[in-house]
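Feature list (source: TrEMBL):
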DOMAIN    78-209  domain 'EamA'
TRANSMEM  79-97  transmembrane segment
TRANSMEM  109-127  transmembrane segment
TRANSMEM  139-159  transmembrane segment
TRANSMEM  165-186  transmembrane segment
TRANSMEM  193-213  transmembrane segment
DOMAIN    231-361  domain 'EamA'
TRANSMEM  233-251  transmembrane segment
TRANSMEM  263-281  transmembrane segment
TRANSMEM  293-310  transmembrane segment
TRANSMEM  322-341  transmembrane segment
TRANSMEM  347-365  transmembrane segment
Amino acid sequence: MVLCQGGEAAAVPAASGKEPEVPLSREDGAGQPCLCPAPGMEAAGAEERRVCGCCSGLSWPRCCKAPGTKKKAACPGLGLFYTVLSAFLFSVASLFLKKIEDVHSVEVSAFRCVFQMAFVLPGLIYYKTGFLGPKGKRIFLFFRGFLGSSAMILLYYAFQVMPLADATVITFSSPVFTSLLAWIFLKEKYSIWDLLFTLFAITGVVLIARPPFLFGSNVTGIEGSYTDHLKGTIAAITSTVSAALTFVILRKVGKSVHYFLSIWYYAVIGLIGCVIALFVMNEWRLPYCGKDRVLLILIGLLGLGGQIFLTKALQIEKAGPVAIMKTMDVVFAFILQILFLNHLPTWWTVGGALCVVASSCGTAIRKWRQSLKKAKQNEI
């Protein structure tokens, strides 16, 4: 059964143990067949427990397609509000990460994975998805977890050693790299516009990194040493590519795996990797300062809250507008960096931010228009 609002496909057995027959003439607005039973169609001798596939999981006959019931009107702009709120929570979590003094970024990532596991575990039990997933998809789930957790660790390291706004801007080139990698591995179409957006993103990253062979040895406006800035830039770029590879894997898997399983692999593999890395580097230790302990908890809660609101936004709003509105991450990063870190961005950073944001917005708008065009063609 397809849970339309969840964005994922999950099998929900009917009370009789068989999937109900789907009337071909009844379809919802998204082109998915409505799985509510027709009026008068009930399981003989059994209590009706079917779940509606065209609303928020209400059991029939209380769903939106049942006779005499009205579908609740969606609040206009609610999905975009959730996106802005998600961007704000992620930005505040990044600010707290900059404020932590004696905790390694890998240890922060480990705490984040623990919060993810605590959130996902009840969902796995409720939806009865299991903990390993389908046999044919486990290798993809493993690489999704490995690459996703690696992207998180590298990003947290970049936040600690370079300006907050610089690291945030570099991560926004992820949609551009996703298009390039999808063309390479999934044979998706890659047009001249995609190439142009890729060049814009690379230009923005170069303006932020400011390598000495292009800008000379006296680079101004760098937080700390240039060596740390360069390491942070490399970590942020690697994090971006890893995140793009994660998106490609998720496209490959499609809706055959519940999204809770995807997050579960991400959290478990990330936690195992973080623990091993901490013992190898001999960096595992509880924060000495009570403030750092509080910040660690807040980072986990804010990161989890940001992910929840982003997921809810994608459930009720199209991906294109959400991707465009998510550029508020950059705005919040600049504001928080100026207000709380007393670090004014240089014009090089502003120029790089404009290039990266323009490329990611262009990619999102183009994908959005393509999806709308395809939807109209399917209606015809």
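Placement of Cβ uses the backbone N, Cα and C atoms for every residue, glycine included.
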- Task: Quick one: find which recorded stretch in 109-127, 139-159, 193-213, 263-281, 293-310 has the most Cβ pairs under 8 Å with the transmembrane segment (233-251).
- Result: 139-159
- Do we see three or more Cβ pairs under 8 Å linking the transmembrane segment (347-365) and the transmembrane segment (165-186), pairs being at least 6 apart in sequence? yes
- Of the listed stretches 109-127, 193-213, 293-310, which one has the most C-beta pairs under 8 A with the transmembrane segment (79-97)? 293-310
- Note on the structure: Quick tally over 109-127, 139-159, 165-186, 263-281, 322-341 of CB pairs under 8 Å to the transmembrane segment (293-310) gives the top stretch as 109-127
- Long-range neighbours of the transmembrane segment (322-341), counting only residues six or more past its ends (CB under 8 A): 79-80, 83-84, 86-88, 90-92, 94-95, 98, 163-165, 168-169, 172, 175, 310, 313-314, 353, 357, 360-361, 363-365, 367-368
- Query: Taking the domain 'EamA' (78-209) alone, what is its mean pLDDT?
  - Reply: 85
- Task: Take the transmembrane segment (165-186) and find every residue of the same chain, 6 or more past its ends, with a Cβ under 8 Å from one of its Cβ atoms.
- Result: 91, 94, 155, 158-159, 194, 197-198, 200-202, 204-205, 208, 229, 232-233, 236-237, 239-241, 243-245, 247-248, 251-252, 323, 327, 329-330, 333-334, 337, 345, 349, 352-353, 356-357, 359-360, 363-364
- DSSP-assigned states of the domain 'EamA' (78-209) in counts, ordered helix, strand, coil: 110 helix, 0 strand, 22 coil
